[in-house]
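Chemist: Below are the features listed in Swiss-Prot for this protein:
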ACT_SITE  E199  active site, proton donor
ACT_SITE  E298  active site, nucleophile
DISULFID  C280-C405  disulfide bond
DISULFID  C306-C332  disulfide bond
SIGNAL    1-14  signal peptide
Amino acid sequence: MLPLLLCIVPYCWSSRLDPRASSFDYNGEKVRGVNLGGWLVLEPWITPSIFDAAGAEAVDEWSLTKILGKEEAEARLSAHWKSFVSAGDFQRMADAGLNHVRIPIGYWALGPLEGDPYVDGQLEYLDKAVEWAGAAGLKVLIDLHGAPGSQNGFDNSGRRGAIQWQQGDTVEQTLDAFDLLAERYLGSDTVAAIEAINEPNIPGGVDQGKLQEYYGSVYGIVNKYNAGTSVVYGDGFLPVESWNGFKTEGSKVVMDTHHYHMFDNGLIAMDIDSHIDAVCQFAHQHLEASDKPVIVGEWTGAVTDCAKYLNGKGNGARYDGSYAADKAIGDCSSLATGFVSKLSDEERSDMRRFIEAQLDAFELKSGWVFWTWKTEGAPGWDMSDLLEAGVFPTSPDDREFPKQC
């Protein structure tokens, strides 16, 4: 069991509340949001400097904190949490016409388990984020991004490698963490939704039946603390419409699907016209076929996997043939680091066109949450950079390439 946490910042929300209507209508309004990736859950490709400073064996937050030790890890991560995001970022999001921010958090923020090398302290900053978002008029979707044992084997779960979630007590431990998260935050009108777990990997071995049981338990926890909060379920890398008929009652369940074009050998080889056709087809075939609201909770402007460490620290890229034994499609030298200002005019125009197509496609259903707000330099992935460069529309309705879907 995880220890009970009390409020430690200037405000505190009641854990027992009268039911309220959702503070956002996911059936009627369009979600227009961005993720705060790489902040409270680290990813090597978003902040490579943190991982490079710890040596070659630091490939995820687990190994990073294990190598550094508790004291040094607390010092370095606290400095990162304090400096990476500020209140001004949330105002910039609002000024760009966004209405949501999705904030990943790991189970260890609620209290690391015995034997974990992780450090906690993230909740102080999540509290600040909710406050800043509310002041800017944004809604928050809190996302449980990492579960004990790893639900997908990706470094963004905290620990890459084997999928061990659903083994031993890991599901019960996850529910303990989720309960504490819900108790702490679901009293805030700013927190419109909470996500049960990020990217549970059914093709990779997560049992769908047990996942559905977990989703049911999460639904009960949310009802316990605030029946008006929407519950977000990841599609588990299955077609989102395959979840039709599951938890369709009422209007509080929202499905989350993630759509990327660089982790598939067929998609990554496409030209820009084919990328746009594919994203429009995805929306018509899958999003519009769902019986529940669906947000595309992760997507981006990049069409290659060239960003440094995107496939994991120490791994290469499909695009230039350095990942596994894939055939090279192109050159990653201008796409691995840096910002979109160094791209050619044609590359920036194609990226804007692709972004606009995705905005159109995803708003055929319930909307979108871009991945991610900020990086140390990953062209196409950094919304703050894309906005500044005019590659992402400065208002979500602005179009240089209208009606692509």
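Quick reminder: no glycine exception, Cβ is built from N, Cα and C everywhere.
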Chemist: Give me the count of other Cβ atoms within 10 A of the Cβ belonging to C306 (disulfide bond).
Modeler: 27
Chemist: Using DSSP with the three-state reduction, classify E298 (active site, nucleophile) as helix, strand or coil.
Modeler: strand
Chemist: Measure from the CA atom of E298 (active site, nucleophile) to the CA atom of C405 (disulfide bond) and give the result in Å, rounded to a whole number.
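Modeler: Rounded to the nearest whole number, the Cα-Cα distance is 19 Å.
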Chemist: Distance check, please: Cα of the residue listed as 'active site, nucleophile' against Cα of E199 (active site, proton donor), rounded to an integer number of angstrom.
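Modeler: Cα-Cα distance, the residue listed as 'active site, nucleophile' to E199 (active site, proton donor): 10 Å.
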